[in-house]
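Chemist: Below is a structure I'd like to ask you about.
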Amino acid sequence: MAEVVENGPTAPTENGAEISSPAAPTAPPMQTQYNSPSLSRKPLLLIEHPNAPKTTSRGTPNFITPLGSPIRRAIQMTRLDPHDAWLPITESRNGNAFYAAFHTLCAGIGIQALVLPVSFTILGWTWGIISLTVAFVWQLYTFWLLTNLHESSETGMRYSRFLQLFSATFGEKMGKIFALFPILYLSGGTCVALIVAGGSTLKLFYQIVCGGHGCSAKPLTTVEWYLVFTCAAVVLSQFPNLNSIAGVSLLGALTAIGYCNIMWLVSVTEGRLPGVSYDRVKPNTNTEWFFGILNALGIIAFAFRGHNVTLEIQATMPSSEKKPSRVPMWRGVQVAYFIVALCMFPLAIAGYWAYGNKIPENGGMLPAIYAFHGRDTSRAILALISLLIIINTLSSFQIYGMPMFDDMESKITKRMKKPCPWWLRVILRVMFGYGCFFVAVAIPFLGSFAGLIGGIAVPVTFAYPCLMWIRIKKPKKYSLMWWLNWALGISGIMLTILLVAAGVYVVLDTGIEVSFFKPH
């Protein structure tokens with residue numbers, strides 16, 4: 001899957017040092033400027049001197065640039081991987097800032113934001129707002145780091161997948177130990193969670209539309225609603241590549257914006273609950289208080305997502321010396337997260353203002369609105385909220401499933417030495433979709449481990465980008481960027497350790513109701 005075929009995972013360099021590598025196969029004719037790595041699209045590499053003699057020495061074309069120029073050295077250092085033109089993420093490179101905004105917004109905002117007011121019940125007004133602001137700025141900064149690490153300014157190498165960049169920076173062994181599981185969880189695990197959330201909301205939508213009386217003598221069970229959602233997700237997953245689902249991501253982004261804003265507007269319109277209290281929840285012991293704080297910080301940390309697909313989104317864009325891919329990507333991210341801020345902050349603040357400590361810990365805003373305002377709020381509004389959540393979860397399934405599709409197809413193309421035929425691509429995606437459905441049904445108590453497993457994935461957002469920046473860019477020792485990235489990287493690792501410890505404590509303290517194949 002790598003864009004650069006090298007002899008082992010070598011860290012991307014910024015000083016122009018040569019990297020020895022074996023000869024790579026020649027890229028196939030289908031690898032045009034829209035689906036080939038950025039190095040082949042540099043204008044200087046496509047212009048021959050009109051008076052220069054033709055040469056066939058080692059198959060190297062003639063260039064205007066001097067023999068010892070950085071561009072010429074870059075050609076000697078890099079090799080293009082023809083398999084990338086066959087994979088869903090890098091198959092099409094005609095993306096733009098709008099596509100980046102759609103994908104980033106769809107991946108970055110979702111049902112996890114609905115639980116944000118719960119964190120305020122533990123942290124209170126002041127620390128809740130401060131923690132949310134710090135997390136927002138921190139993850140936006142790591143977004144900026146990733147967009148600048150995607151493509152080396154010295155060599156033109158593009159790292160189109162998070163695991164690829166991590167392995168090239170710290171080694172393949174370190175990548176498998178520290179990055180493989182978090183990436184798989186953030187892709188496959190998120191798809192499982194989306195089936196649970198989407199299927200449950202489908203059931204709720206049915207109950208609202210039917211007025212609670214049932215539209216049929218025998219309504220569908222929870223498992224059957226999961227299956228209905230999975231079938232719809234599998235059908236949508238047949239789009240060939242990441243660029244082709246830009247419209248789906250736009251729809252997912254619009255629906256997420258819709259239900260987040262409707263929820264906080266309903267809460268403000270209906271007003272505060274009688275006798276609402278904003279006093280912090282006081283635990284019985286200091287241990288409970290400490291882990292309660294960690295749980296609240298975990299809720300805020302988990303609310304921000306999408307870093308595991310940032311490099312993949314940027315890989316869909318063309319790149320050149322005059323306009324590297326990081327320019328439109330960063331513009332798209334800025335627009336997306338400006339909108340995220342406009343959704344998340346009012347949702348968290350208005351939710352806590354309206355419900356205080358009475359907001360349900362399991363689900364946050366959605367069950368709060370149904371429990372406290374179900375009778376007063378129009379059934380049409382409740383149905384609209386549910387419908388928007390269903391559409392958003394279906395759309396999010398596509399963007400989080402795409403890295404898994406890419407990984408499966410990469411293994412096939414490397415063996416077949418040709419692109420996956422359409423029928424095999426269909427089979428792979430159907431297998432993945434129904435595999436996620438099986439996990440959702442077979443292990444319904446998996447959500448009890450959400451805090452524990454989610455804590456392991458936190459470094460992808462808050463720590464790894466900072467550490468990779470230090471290793472790749474090598475900022476001057478004791479400079480601002482050196483101190484900042486070391487501080488954030490170490491803080492992110494410490495936060496991970498604490499959140500994992502909190503997850504273990506919650507599992508041991510509350511216990512787990514083990515019930516295979518019996519989803520609630």
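Glycine too: its Cβ is placed from the backbone N, Cα and C atoms.
Okay, so TrEMBL annotates it like this:
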REGION    1-37  region 'Disordered'
DOMAIN    94-507  domain 'Amino acid transporter transmembrane'
TRANSMEM  97-116  transmembrane segment
TRANSMEM  122-146  transmembrane segment
TRANSMEM  177-197  transmembrane segment
TRANSMEM  225-243  transmembrane segment
TRANSMEM  250-269  transmembrane segment
TRANSMEM  289-311  transmembrane segment
TRANSMEM  332-355  transmembrane segment
TRANSMEM  380-401  transmembrane segment
TRANSMEM  422-443  transmembrane segment
TRANSMEM  449-470  transmembrane segment
TRANSMEM  482-508  transmembrane segment
Chemist: Counting CB pairs under 8 Å, which listed stretch among 97-116, 225-243, 380-401, 449-470, 482-508 touches the transmembrane segment (332-355) the most?
Modeler: 97-116
Chemist: Under 8 Å for C-beta pairs, could you tell me which stretch among 97-116, 122-146, 449-470, 482-508 has the largest tally with the transmembrane segment (177-197)?
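Modeler: Selected stretch: 449-470, with the most Cβ pairs under 8 Å.
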Chemist: Answer with yes or no whether the transmembrane segment (482-508) touches the transmembrane segment (225-243) by the criterion of at least three Cβ pairs under 8 A, sequence separation 6 or more.
Modeler: no
Chemist: Report yes or no: does the transmembrane segment (250-269) come within contact of the transmembrane segment (380-401), defined as 3 or more CB pairs under 8 Å with a sequence separation of 6 or more?
Modeler: yes
Chemist: Using Cβ atoms only, state whether the transmembrane segment (449-470) and the transmembrane segment (122-146) have three or more pairs under 8 Å that are 6 or more apart in sequence.
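Modeler: They do touch: at least three Cβ pairs between the two stretches lie under 8 Å.
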Chemist: Please identify the stretch among 97-116, 122-146, 482-508 with the greatest number of Cβ pairs below 8 Å relative to the transmembrane segment (380-401).
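Modeler: Answer, by Cβ pair count: 97-116.
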Chemist: State the residues, same chain only, that lie 6 or more residues beyond the ends of the transmembrane segment (97-116) and have a CB under 8 A from a CB inside it; answer 'none' if no residue qualifies.
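Modeler: Beyond its ends, the transmembrane segment (97-116) has Cβ neighbours at 132, 197, 242-243, 246, 248-250, 252-253, 256-257, 260, 263, 299-300, 302-306, 309-310, 313-314, 316-317, 328-329, 331-333, 335-337, 339-340, 343-344, 347-348, 351, 363-366, 389, 392-393, 395-396, 399-400.
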Chemist: Could you give the residue numbers and ranges of same-chain residues that sit at least 6 residues beyond the transmembrane segment (482-508) on either side and whose C-beta is under 8 angstroms from one of its C-beta atoms?
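Modeler: Non-local partners: 138, 141-142, 145, 287, 291, 294-295, 297-298, 301, 448-456, 458-459, 461-464, 466-467, 469-470, 475-476.
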